[in-house]
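J.: Before I ask anything, here is the structure I am working with.
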């Protein structure tokens, strides 16, 4: 019997087997911790955390550290606390659509350097500040559509987003968009701007020229982009405007115009002097007449 056991092959040094068991247990504990940290009312699987359609009023705490895809869509979330994404450096997709967000805290994406897709549509955002996407240089897609109170986009709101390909600003409250906000987006392919109350005055001309120059690379929803003002172009498609539409913005004065203005100014000056002279004479006469009446009464 002893000889039989002696002839059996030994699987290896005891310390190697112990190390193998240790690593397996450690991996199991780590996996168990990641699964155990799934928030209540959420489902967690394959680095995807789905907390959508749960009527949440606040963001869930303590997500799995390796979360790559986080959906908080279709809830009633009104605010995201500062530093909420600090620990989730693997985050690639963040879906916050259809909530009650009015603003986002500064530096929210400071540590989300791998974030590529961000959906903030169907919220109540009123403006996009300069520091909103700071450090989130990996963003490829941003959806800000259907924010009816969105009135202003800071000229440097998208600064540094060199990889951004898709930007949706449709169906908001934008009447004006600074050209500077788009010029720093070399990779932009799709831009949606329809459904906004655009004021197609002189300030719109630079943006329209830029869009026309980029139209083969930047596909804008030209059929939905309409002017809400001034009255003479109200209801006109934005891309139907031509250089003639902005002719009044480039009026130049000729020599005859300057001579006419000078003549009118001269006439007005003479009329003013004559009027002052007549008023002076009238006042003097009234004074003398009043003084004469006083002497007669005495």
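Each Cβ is built from the backbone N, Cα and C atoms, and glycine gets one as well.
Given the structure is predicted, the values throughout are model-derived calculations rather than measurements.
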J.: Looking at 238-258, 259-279, which stretch does Swiss-Prot describe as transmembrane segment?
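T.: Within the set 238-258, 259-279, Swiss-Prot attaches transmembrane segment to 259-279.
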J.: For residue 227 (disulfide bond), identify the closest of the disulfide-bonded residues 38, 44, 51, 202, 249, judging by Cα separation.
T.: 202
J.: From the Cα of residue 202 (disulfide bond) across to the Cα of residue 44 (disulfide bond), what is the distance in angstrom?
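T.: Cα-Cα, rounded: 52 Å.
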J.: Under 8 Å between C-beta atoms and at least six residues away from its ends: which parts of the chain pack against the domain 'LRRNT' (35-65)?
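T.: Here the qualifying positions are 71-81, 84, 87-88, 90, 95.
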